[in-house]
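Taken straight from TrEMBL:
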- 12-129: domain 'Response regulatory' (DOMAIN)
- 175-407: domain 'Histidine kinase' (DOMAIN)
- 440-558: domain 'Response regulatory' (DOMAIN)
- 61: 4-aspartylphosphate (MOD_RES)
- 489: 4-aspartylphosphate (MOD_RES)
């Protein structure tokens, strides 16, 4: 009775008889490497085994005290696990017609007369053992088929997700191409008209304003892409401080009024009369609400309304928050508009990256579909939550934020930080219409157009500007000229901006004096800013830079020419032997 199914485990057979010698005899007849013979001396003991094990067949004596074979069989059939296990009765009265009928009625498959014929017993048990093994094979194959089918479903689902992701990526690339090319078209077209020199003064002003507006639009698009990249890589870190949310919202609503007025929109706020302090990054918090408010203005038709509401209260935990329940340690801010609304189909995907309600070529609104994805991640970085509600197209939209209150610190109210990186100087060097009058600036920039633009911009502000196209040229200039401020690009061929400022600082350490320096670079990550400051720059500004920001930064740093400036000979001598930090190609 060896296995033909390849099953490694032994098949169990249950032997039930109240006489130990009968059990020993049955065991001797059926002994086989492929079988595990389990012996029970009563019906109760047999039932206990059947609760824990599956058996190929049960050999059951009919005549037993307390619980006979028929009673035991009846209980076996009542239990789901053993309901279909074959039972062979063992009895000296198998020839009795009534006894046989009763046994078969209880589900027995056979009845063997005592004394047992070993060959007949072995043959009958072998049949049921083989059936049991075949059943195990079928069950195993069924499980394999189910697993294979599940794997097919998983692969199909993964393929569908990949195809959907590819479609979304292709659509996003098409949108990026469209959104970047559209302002480029306006910039290039108006630039060519300006070059032609035939525009009226009114048209010239229109051209300049259009170019500036579209350049800012491009900068915003690129900024959104970079911001999303930092968020998904976990590289964006918050600079937390305690701030009054009421003041921030009031200031923001006021600053957004000029955007709402051209469309005739009513932008209103209902804020808490008491200060509501949150521990947050002021720049990122302003970014969250600015994005939501610009969306509301963008998608609300002329004559519509937008409400900003702040409230606190409730006792629930954040995980169980709804838009109507607010825990005491959280503040709820809702921004509601009477705009175009959101369809039920798109509502679950509002915060998905690269998703827009209308991704077609005929869509009415622009953008990359990143703004709300950035908002959600910024809210979650603040340990908060954001929800969106809309009854459908044309029914308006409500965005609701829950942010944790700062209950540990009650600082004095402070004004929210300005939206620019560098504030206007309190005491500029020359408080006239030319803020940089009598200020000499050395501009180091390898890109010719950028260098000319910076020179023109600073000269318009009253500065005297000297330009260099490389760090090496800047070093030559510095042998004869000592500027008030140095403005340098970072990525340049030859020696980069870091190498330049290190050499300048090394010269100063030997000869005295100090030239304040500003790093102006397209590298805009926090670690880039840190590297600039460690190299020796006082300020790091990211390109594209706003003209007022750059002028304010220079005005803050400008100072009289250092009195301990070394003569050119000392400068030349101090530069000899200093290492140059080089780049293989322009960055």
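Each Cβ is built from the backbone N, Cα and C atoms, and glycine gets one as well.
Note that the structure is predicted; figures quoted are calculated from it, not measured.
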One residue among the modified residues 61, 489 has the fewest other C-beta atoms within 10 A of its C-beta, namely 61
Between the C-alpha atoms of residue 61 (4-aspartylphosphate) and residue 489 (4-aspartylphosphate), the distance in angstrom, to the nearest integer, is 98
The DSSP breakdown of the domain 'Response regulatory' (440-558) into helix, strand and coil residues is 57 helix, 26 strand, 36 coil
DSSP tally for the domain 'Response regulatory' (12-129), helix/strand/coil in that order, comes to 55 helix, 25 strand, 38 coil
